[in-house]
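Taken from TrEMBL, the feature transmembrane segment covers 29-46, 58-78, 98-119, 126-146, 179-199, 228-247, 259-277, 284-302, 308-330.
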Amino acid sequence: MTAVNTGTLRPIAEFDRPLWQRWFATREMAIIALFAVVVVIAAAVVPNFGSKITMTYLLMDMFPILIIALPMTAIIVTGEIDLSVASTVGLSSVLTGVLTQAGVPFGLALVCAIVGGVLCGALNGFLVTVVGLPSLAVTIGTLALYRGLAVGLLGTTAVTDFPEFWTGLVKAKIGDTGIPVTIVVVILLATVFAVLLHFTRFGRGIFAIGLAPEAARFQGVSVERTKFVLFVLSGAVAALAGVYYTLRYGSARGDNATGMEMQVIAAVLLGGVSIFGGRGALHGVIAGVLLIGSLASALRLATVGSDVINIITGVLLIAAVVSSSVFAAFRNRRRRTKLVLAGTATPVGG
């Protein structure tokens, strides 16, 4: 009879835990837990943070960042990035304002603004996938291009006359709960992107591209087409956020949403998406957005200046990138340990 040296194999049990245990040990769950801690502490320490009206405004303020973070997650998982999203928000805001001011029916102006966002995303996708330029360089360029177009179309003025029905719609609440109606849009979009990213062949292709583009191509994944579609989706969603931003604040300006791309990227990376591609989950990203939003809201209520809040956002962005590398190194070390332990499991006795 042959026995196995179980003492040698015992550490392998760490890698064979039930799925629910491994899920709760993820970085995403750590961010969710940190978000909960921040909310509890802020509610206890910061006056009015836990009030219904504060929560309402927090959700309304986070709407554009939440929806832009959805396609941004997929783009970063492929190993690319889109720094032009905030400028696309600003350009779509200006298009909405200029067309409305010119007498175009608001519904048509809204459609034109979103089409403009689609074209912005398509230009990014074309330069990255067809011309073959790095997405970082491309979107730095289009960040300036789209912002310049926005300011050029409207100058330093603002359009503030929008239909009351539409401005009221984006500010509407669900009954007496204080929950914005727009949360329904967030839930729908998050569900669509979650299914697309985690439960479809297209989504598996996205992760495969981030891990090994050539291997993904060998397996039949259209790398260029997938990336192009993601940039187009990013542009479309950013344009939708631009329309919302315009109606939410009742103002179309060329400088709307300046700097928002940093908040989005910080939230995505903080939520567990690897800057190197190939890894990420939407529940972590949503927690990352809410964490940054809650922290910023608490600091504003505590009369902390916007410069300090920007510094904290920058620190979180750096921490997210560093921790992503640390987590990746830790996971690789665990995998190597597992392989070594499995290889040293030799029969004993006889």
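The backbone N, Cα and C atoms fix where each Cβ goes, glycine too.
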Tell me whether the transmembrane segment (179-199) sits in contact with the transmembrane segment (58-78), defined here as at least 3 Cβ pairs under 8 Å among residues 6 or more apart in sequence. yes
Touch test for the transmembrane segment (228-247) and the transmembrane segment (126-146), at least 3 Cβ pairs under 8 Å: yes
Out of 58-78, 98-119, 259-277, 284-302, what stretch is closest in contact terms to the transmembrane segment (29-46), meaning most Cβ pairs under 8 angstroms? 284-302
Report, as numbers and ranges, which residues of the same chain sit near the transmembrane segment (259-277): CB under 8 Å and 6 or more residues beyond its ends. 26-28, 31, 64-65, 68-69, 72-73, 76-87, 89, 143, 209-211, 284-289, 291-292, 310, 313-314, 316-317, 319-321, 324, 328
